[in-house]
Number of protein chains: 2
Amino acid sequence: MAEPSTLDPAIAARLKHDEHGLVCAVVQEDRTGEVLMVGWMDDEALARTLSSGRVTFWSRSRQEYWRKGDTSGHSQHVRRVQLDCDGDALLVRVHQVGAACHTGARTCFEAGGDLPVVVGAAPEGEPAGEGPAAGEPAGNGPGAAS
Amino acid sequence: MAEPSTLDPAIAARLKHDEHGLVCAVVQEDRTGEVLMVGWMDDEALARTLSSGRVTFWSRSRQEYWRKGDTSGHSQHVRRVQLDCDGDALLVRVHQVGAACHTGARTCFEAGGDLPVVVGAAPEGEPAGEGPAAGEPAGNGPGAAS
């Protein structure tokens, strides 16, 4: 990390950083639900993202902050940021201007493309968005398999 | 990694692993677009995910393979897997049975919840899903800021 972070200490305390001080940030287009890209944030990149309305990452390859769109014009405007249950991933919902991917593709996953899969089938009668069935345990504690 | 991988070498060659041999996997509900969780895969976990119809992760905390749903019944059935432009992230579209999060929440981001943000606004007249504007460069090469 290049400088002391301005992140709210109460938020910083909830983050589970990797050994480089980073958490992964999944960026989703708020209007369509498309997953656009995955980037990385240290505390200062998250602080800037939360406070400025623009998404800022930490570039692992260049070892510098990177405010999305400053070079390309393809900026990401923050709509919502959520932390996951164990503090090591962020979901950043944005309005994306132009292409999210540096290749010019709409998303980085369009750019990389499909891997060949055997498609799996859920048991019959499983509706979309179903919650836990009645009588099932609510969970197995932090870090448990589920 | 616990054992030699059965992953197609052509796919393995496209992955850019972290120092632990892992890539991050964003799991999205295929029917609703919800981002459910983020997990980690080594080559063998990806091979099992691509070939079995069921999502398998590598658990960093337990250092073992973890086929989602084997403990909880909340399995993830594979619909589509895409690799990103630089090979270090996967987007796995699934049919999720029950809750994706071990807390019992529908998604791990519902469980963790919202961080306070200043909401950003894109320039006026930017439609959703817009591609690169005519005359803009298509990109800045691999690893370039955008």
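From the backbone N, Cα and C atoms, a Cβ is placed for every residue, glycine too.
All TrEMBL annotations are machine predictions without curation.
Annotated domain 'Phosphoribosyl-AMP cyclohydrolase' per TrEMBL: B:37-110, in sequence order.
Packing around B:Asp88 (Mg(2+) binding site) is summarised by its Cβ count: 20 other Cβ atoms lie within 10 angstroms of its Cβ, all protein chains included. Taken from TrEMBL, the feature Mg(2+) binding site applies to B:Asp84, B:Asp86, B:Asp88.
According to TrEMBL, the Zn(2+) binding site annotation covers B:Cys85, B:Cys101, B:Cys108.
Among the features that TrEMBL reports, region 'Disordered' is placed at B:120-146.
According to TrEMBL, the feature compositional bias 'Low complexity' maps to B:120-137.
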Give the helix, strand or coil assignment DSSP yields for B:Cys101 (Zn(2+) binding site).
coil
Across the domain 'Phosphoribosyl-AMP cyclohydrolase' (B:37-110), what does the mean pLDDT come to, as a whole number?
97
Between B:Asp88 (Mg(2+) binding site) and B:Cys101 (Zn(2+) binding site): CA-CA distance (Å):
23
Spatial separation of B:Cys108 (Zn(2+) binding site) from B:Asp86 (Mg(2+) binding site) - C-alpha basis, Å:
25
Including all protein chains shown, what's the count of other C-beta atoms within 10 A of the C-beta of B:Cys101 (Zn(2+) binding site)?
25
